[in-house]
Amino acid sequence: MADTATTAPLLTSHKPPNKAPTIDETIENYIGTTGVMQLFKAVLLAFAWAFDAQQVFISVFTDAEPQWHCTGASASCSPAAPPASPCGLPPGAWAWDRPAETTMVSEWVLKCAGPALVSLPASAFFAGCLAGGFLLTTLADSLLGRRKMLLTSLVSMSVAGVLTAFAPNVWAYAALRFVSGFGRSMVGTCTLVLSTELVGKRWRDTVSVAGFFFFTVGFLSLPALGYTFREASWRNMYLWTSVPSLCYSVLLYFLAQESPRWLLVRGRKQDAMDTLQQIASLNGNSITSSFSMLHACTMHADDGAGAGGAFATMRSMWERPWALRRLAAIMTTSFGVGMVYYGMPLNVGSLGTNLYLSVTYNALAELPSAILSLAFIGRVNRRSTVVALTATAGAFSLMCVAIPEGSTARMVSELLSFFATITAFNLILIYSIELFPTSVRNSAVGLVRQALVLGGVAAPVLVALGRERSFWSFGVFGLCIGCLGLFAACLPETRGRSMSDTMEEEEHREAAAAAAATACTGGGATDIATKDNSDAV
């Protein structure tokens with residue numbers, strides 16, 4: 001026993017090696033506490049979500065199928081007993097309840113053209129989001145950076161929106177919606193990543209949730225605009241949403257800063273120093289010390305992911321099994337969430353209630369979701385909460401299939417399903433930021449958003465089919481989000497963790513967590529065995 005005691009290693013004899021400062025620690029050390037002006041600029045940046053929401057859900061009104069009535073001019077169409085569809089009726093036997101230019105369906109007479117053509121512009125928009133996401137997502141991590149990518153996306157989305165107001169036919173309209181979606185694809189991603197990287201750790205969750213609030217503001221503005229132009233051309237909706245977005249882009253050009261984290265990871269130390277000086281002055285501080293910490297942390301930048309071209313970040317994740325597992329799991333969950341998130345507002349016409357009120361209720365559901373996200377984001381586990389929310393959304397969506405059309409219970413079930421989906425949507429975006437390091441974060445979050453959008457591509461077709469049988473909309477929505485949400489259980493928990501900067505740093509954390517789990521299990525078994533042996537002696 002004495003020999004064992006003398007040869008046993010002492011815990012105090014092992015000194016932890018000196019660790020180089022992380023980029024997070026370096027930035028906080030130089031800029032100090034996030035001040036009011038810097039927080040204001042980050043929140044102003046998050047306002048881009050409002051214009052993002054307008055372009056996503058504008059087709060609920062511009063592409064709506066208007067009501068019609070029999071004129072009484074033909075015996076085949078009696079006002080007392082109108083047929084289910086005006087298709088096949090002679091000209092003059094029926095007419096729209098409102099002027100033909102109120103929606104593109106009535107202006108271009110698409111009522112009888114079939115669900116594929118009616119849903120083509122909405123599907124084209126989400127297809128553009130998908131294509132833009134896959135082609136542009138790595139540029140914000142490699143060549144352009146967060147700021148330039150955001151400005152490029154906003155301008156292209158806004159210009160395409162203005163041109164959409166002058167589309168001569170449905171084919172040009174669908175093509176311009178594709179271009180708008182292509183440009184819009186990076187707006188939310190760059191806004192979320194850039195706004196959180198410009199503030200300290202304390203305000204990161206608050207700035208993230210601010211974007212969700214502004215998304216709600218943009219969503220809520222649509223029923224107000226739709227009601228205002230209910231007797232006017234649908235083209236006004238595009239002009240009144242796209243022109244302000246273009247003016248906002250000009251404002252951001254002069255006010256927005258590049259992420260100092262991205263500049264450090266890319267090795268642009270002088271630009272990072274200039275940006276840190278600007279942020280420090282906004283916070284009421286001045287950097288008088290040397291940038292020795294800055295040089296120390298940039299020496300450890302992840303060259304594999306930070307350099308080597310636009311697709312180096314994708315290759316960096318593909319070559320690491322842990323990153324690929326995380327990406328596959330969260331993208332699978334996101335597909336189910338995106339299908340319901342983008343599909344439910346498009347499907348409100350199937351509820352049999354007032355369109356403007358239904359969309360307003362759906363938009364208002366975003367508000368308590370954002371409030372709950374802000375209140376509990378620092379207290380709840382990401383993994384279990386996502387699983388619970390997707391299961392809840394799926395259950396209420398399936399209930400909509402069994403509840404009769406036009407009833408209040410059906411609207412309540414739809415709202416509860418949409419509310420759970422919104423909350424899961426918000427949490428997934430924050431979760432994806434925490435799962436991946438700075439060097440690949442924008443690419444990873446971009447891919448997660450593309451998985452959400454991929455669900456949106458399928459949604460308009462399901463909504464069109466669901467007008468005849470609700471199982472194809474509400475039923476498929478519920479099954480997809482409920483089952484695919486279970487994949488979130490494969491992800492690691494990130495609540496309370498600081499964000500990593502490089503792939504190597506995240507790998508070390510992964511290895512340390514695995515070693516700790518092994519030591520805990522193995523150590524516990526060893527302790528029990530030792531105790532049993534000593535009791536036997």
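Keep in mind that glycine also has a Cβ here, set from the backbone N, Cα and C atoms.
The following features are taken from TrEMBL:
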{"type": "DOMAIN", "residues": "38-496", "note": "domain 'Major facilitator superfamily (MFS) profile'"}
{"type": "TRANSMEM", "residues": "116-137", "note": "transmembrane segment"}
{"type": "TRANSMEM", "residues": "149-168", "note": "transmembrane segment"}
{"type": "TRANSMEM", "residues": "206-225", "note": "transmembrane segment"}
{"type": "TRANSMEM", "residues": "237-256", "note": "transmembrane segment"}
{"type": "TRANSMEM", "residues": "323-343", "note": "transmembrane segment"}
{"type": "TRANSMEM", "residues": "355-377", "note": "transmembrane segment"}
{"type": "TRANSMEM", "residues": "384-404", "note": "transmembrane segment"}
{"type": "TRANSMEM", "residues": "416-435", "note": "transmembrane segment"}
{"type": "TRANSMEM", "residues": "447-465", "note": "transmembrane segment"}
{"type": "TRANSMEM", "residues": "471-491", "note": "transmembrane segment"}
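Residues 333, 336-337, 340, 344, 410, 413-414, 416-418, 420-421, 423-424, 427-428, 431, 470-471, 474-475, 477-486, 488-489 of the same chain lie 6 or more positions beyond the ends of the transmembrane segment (384-404) yet place their CB under 8 Å from a CB of it. Between the transmembrane segment (447-465) and the transmembrane segment (149-168) there are fewer than 3 Cβ pairs closer than 8 Å, counting only pairs 6 or more residues apart in sequence, which means the two stretches are not in contact.
Spatially, the transmembrane segment (323-343) is adjacent to the transmembrane segment (471-491); three or more Cβ-Cβ distances between them are under 8 Å for residues at least 6 apart in sequence. Counted as Cβ pairs under 8 Å, contacts with the transmembrane segment (116-137) are highest for 149-168 among 149-168, 206-225, 416-435. Through the fold, the transmembrane segment (206-225) approaches residues 39, 42-43, 46-54, 57-58, 60-61, 188, 191-192, 195-196, 198-199, 236-237, 240-241, 356-357, 359-360, 362-364, 366-367, 369-370, 373-374, 377, 426, 429-430, 433 of its own chain, all at least 6 residues removed from its boundaries and within a Cβ separation under 8 Å. Looking only at the domain 'Major facilitator superfamily (MFS) profile' (38-496), the predicted model's pLDDT averages out at 82.
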